[in-house]
Amino acid sequence: MRTHFCGLVDETLIGQTVTLAGWTDVARNLGGVCFIDLRDHEGIVQVTVEPVAGDDASAELFKVAASLGYEDVLQVEGVVRARHAVNDKLRTGKVEVIATRISILNKAAPLPFHAHENPGEETRLKYRYLDLRRPEMQRMQRTRIKLVQALRRHLDARDFQDIETPILTKATPEGARDFLVPARMHPGEFYALPQSPQLFKQILMVAGFDRYYQIARCFRDEALRADRQLEFTQLDMEFAFVRERDVQDFVEDMMRAIFKEVVDVDLAAQFPRMTWAEAMRRYGSDKPDLRIALELVDVAELVKSSEFPVFTAAANDADGRVAALRIPGGATLSRKQIDDYAAHAAKYGAKGLAYIKLSETGEVSSPIAKFFSEEAFAALLKHVGAGNGDIVFFGAGGYTKVSDFMGALRLKAGKEFDLVAEGWAPLWVTDFPMFEWDEEAQRYVALHHPFTAPAVDDIADLRANARTAVSRGYDMVLNGNEIGGGSIRIHRPDMQSAVFELLGIGAEEARAKFGFLLDALNYGAPPHGGIAFGIDRIAALMAGTESIRDVIPFPKTTGAQDLMTDAPSPIAADQLAEVHVQVRSKQV
């Protein structure tokens, strides 16, 4: 139906007859001439229709051109010629196609929005097929496609095996809720959609495949936001007979190559490394954005003898923290803006936010100054590096909570004061805690997942020091986004059972839920480790969008709906009966 793509018609084709197919981007009838911007996935070319006096065929052609509306689907035959007025905004702007034939392949109904408009997100998702026609959306989808193609080429060339793992599998506790699928042939029993291929890829290492990868679809029934979807795609990888640095060095080289190939970005020749403890101390986050130069400063030693009880209580608590954040130029903040920062911190658990503001002339404005002697106050300002024109925020309380809300303030200040440097800042965060204490459940939970190996090999040591145990987990962070997470796995069945026990999973429950894994580890499991990268998140970073929905062809809303297909939707009673499911009416 076509000889060339619209966006690739250029000067080399001048004088030649071409056949094009695409959508009517714009049609303009200027009376004596019609101009049609014809669009396909490669771009736009101008089609010109010039009626010839006394020529019935050209008059009919002009009539067809004059009748065209937005998004009508056309096949156009014509001769390429040089344009009198060059359009530098188009790749095809030096040429035009003089139409000799136009066939309307399909008429478009009146549009809810035009391809060059940017309507509300609900409208975009309801008419996703129209949204995806927009040049910006085409660009972002192509970025994703190039990313996946480049990853496959890179791994295939290095002897990784692309192996599929089951979509219908066993429900296992991995942090989020499972999506459940009733098993028709086994009444009362259910499959689960995988939250990740974690256990299958470990079993593939036991099976001797050595190097595995998969572009895997994963499913988690959890609350949605701009960087999270119910179903998502990850690059899943696993290596046999490796230590942490073996995995990290390989995927670091891979990321450098992929970013160069896909978006022509040169990532750092060596990614910096930081322990989890250092990241939390300096940045209040386990995924710090290193483009923002601001850092948290611990001030507990300077305030533990002050007369401000909020500070002294936290400073004298072994699990407490008093941290400061200096914002250069922050003295311009009004009282209302300071209250806005306090409200932002409250979203992350802050019960209050103290501050010291220094005017350009050195005048102090602070609700906490009265609690310090002149010498102690001066020492505090010196310790945090405060100068004229700055504001310093202070947070006090439990260590983790203070780190969280002060880290959130750091990000807010970085963006609002234009302190985010241009470029790309990759980072390895290592040595994560093995466990964290869940106050509500009154038990330990795994910070990564239950299959991450501890840094110690001795089970007695792990049991005795579970609260402070460090794991062999690691994350790759880019511009404040965790783009990959991995670890060295537990390969000994006795260690895996001990970790289950520490997580409150007894022997009987472990056997019921993970018996297949424990059995596999008993038959000569090699030391192994791996990592998984979020394809959606990396594609969004490469495409320059904050929402992963922009790089997913058919995403869900934050309300977990597909507006285009109207999913989820009710199921007929006979279908439910086939899978032995009854729906209870919603309790009011």
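Note that Cβ sites are derived from N, Cα and C of the backbone, with glycine treated the same way.
Residues annotated as L-aspartate binding site in Swiss-Prot: E174, R220, H448, R489. R220 (L-aspartate binding site) falls outside any helix or strand according to DSSP and counts as coil.
Annotated ATP binding site per Swiss-Prot: R220, D221, E222, Q229, E482, G534, I535, D536, R537, in sequence order, evidence recorded as sequence analysis. R537 (ATP binding site) falls within a helical segment according to DSSP.
Same-chain residues lying 6 or more positions outside the region 'Aspartate' (198-201) and placing a CB less than 8 Å from one of its CB atoms are 165-166, 169, 172, 174, 212, 214, 236-238, 449, 451, 514, 516-517, 530. According to Swiss-Prot, the region 'Aspartate' annotation covers 198-201, on the basis of sequence analysis.
Between the alpha carbons (Cα) of H448 (L-aspartate binding site) and E222 (ATP binding site) lies a span of roughly 17 Å. Mapped onto DSSP helix, strand and coil, the region 'Aspartate' (198-201) counts 4 helix, 0 strand, 0 coil. E482 (ATP binding site) sits 17 Å from R220 (L-aspartate binding site), taking the Cα positions as reference. Taking the C-alpha positions, the distance from R537 (ATP binding site) to R489 (L-aspartate binding site) comes to 24 Å.
Sparsest Cβ environment among the binding-site residues E222, E482 (other Cβ atoms counted within 10 Å): E222. Around I535 (ATP binding site), the same-chain residues six or more apart in sequence whose CB sits under 8 Å from its CB are R144, L147, V148, I215, F232, T233, Q234, L235, listed in sequence order. H448 (L-aspartate binding site) falls outside any helix or strand according to DSSP and counts as coil.
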